[in-house]
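Feature annotation from Swiss-Prot assigns N(6)-(1,2-dicarboxyethyl)-AMP binding site to 4-5, 73-75, 99-100, Gln218, Ser269, 274-276, Asn282, 313-317; the stated evidence is similarity to another entry. The annotation active site, proton donor/acceptor is assigned in Swiss-Prot to His147, Ser268.
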Amino acid sequence: MIDRYLTPEMKVLWSEANKYRAWLKVELSALQAQARHGEVPAEAHAALVQKSEADPLDDAFAQQVAEIEAVTRHDIVAFTRALTERYGEEARFIHHGLTSTDVVDTAQNLLLDEAMGLIITDVQTLREVCRMQAAAHKHTPVVGRTHGIHAEPMTFGLKFLNWMATLDRDLERLQAARGRVQVVMLSGSVGTYAHVSPKIEEEVAESWGWHAAPVTNQTLARDRHAEVLAALAILGTTLEKIAVEIRHLQRSEVREAMEPFGKGQTGSSSMPHKKNPILTENVTGFARLLRGFLATGLENVALWHERDISHSSAERVILPDATASASYATRRLTGVLRDLVVFPERMLKNLDDLGGLVFSQRVLHALIDDKGMMREAAYGIVQRNALKSWETGEGLRDLLKADPENPLSDAELDAAFDLQWYLRHVDDIYARFGM
């Protein structure tokens, strides 16, 4: 991911040096288990731990690996050679009985686990901001729109409550996907443990609080990674849904809410008046990326026989970029919603703009329930006057009052056009969330 869209945590997490630190953690964990079983000298493991703590792998080590790999054309071989040069004779026990993918896949799971943890925290923060705004605007009336057209009154807080509920489901998916990669694979070249005991894998997994992969070939099955990418892609659609709503609400014709606009900020190089929804447009773009990463992740599932490396080049891009994109976009949207500028007066004005058309269903029910009219006849009266209101701009209540076929009295019309009728169950909805 380019630096422009990297959070500080993701930049460190997906650095080359940190990748090699994860590789070393796998190697040392395996070595520790092997030492317990007398397969390698315990003092070799102890010495390597001491040296790695005193001289941790850094950017210089990553550059050293790159230089060796330019000759070997094999990253794990370059890694183990660089370890030997850095830590000395004891490093010869590194990689004992393992194959490259044992280290790469298990270490990649360490990085994915940490990345998913960061994203889950980000989403929890976004959810809390939605809860805060839902509470603040619980009783702020706004017109609900279906197909982009005014439908019926609702409250602005219900939008946030809907988003909060969706984020709860996202969190469930993210947690499940994170668990799917909390597995250790140390099973050898084709998954038969030919040169390493299954006990080593099991003990490493237990020491991390993870599980040993029950069966593998040379790689972990890529449906696990696809599930991670799917959870991130679905999160992206949630972020996009929220972002698109804010973009629509900021339109000049609507202007019910808008992104924060900082002091000194400019909206256009040529039009000084512009305040564009650039932050939520940015989030929309990340959602598109996340769906694209998923498509590639699904392609990676079907590998040849016990493995090929067609997935490798793709994963080196999509896993860091997908997790980085999800984290960045979530944090960006969190900032937008936290500092969202809301215009309740404009919301009321927009509610009134169509001259009461948003109350048409209440009138329909009054004719059916209170006056005993057949639905078709009642619908005809309301629709005829509603269409006239669309065409002339006259208020629906005034048109109905003047319609000789309308049996509703002034008091009954007042009741039908009562805004609070539409909002009377808002408290019940909030109660489902303990609010």
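Glycine is treated like the rest: Cβ placed from N, Cα and C.
Known features from Swiss-Prot, placed on the structure.
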residue	record	Cβ contacts under 8 Å, 6 or more apart
Arg4	N(6)-(1,2-dicarboxyethyl)-AMP binding site	none
His74	N(6)-(1,2-dicarboxyethyl)-AMP binding site	Ser100
His147	active site, proton donor/acceptor	none
Ser268	active site, proton donor/acceptor	Lys274, Asn276
Asn282	N(6)-(1,2-dicarboxyethyl)-AMP binding site	Ala329, Arg332
Glu315	N(6)-(1,2-dicarboxyethyl)-AMP binding site	Gln108, His225, Asn300
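With a 10 A radius on its CB, Ser100 (N(6)-(1,2-dicarboxyethyl)-AMP binding site) counts 18 other CB atoms from all the protein chains.
Of all Cβ atoms in the protein chains displayed, 12 besides its own lie within 10 Å of the Cβ of Lys274 (N(6)-(1,2-dicarboxyethyl)-AMP binding site). In this structure, His74 (N(6)-(1,2-dicarboxyethyl)-AMP binding site) belongs to neither helix nor strand by DSSP; it is coil.
In the three-state DSSP assignment, the secondary structure recorded for Ser268 (active site, proton donor/acceptor) is coil.
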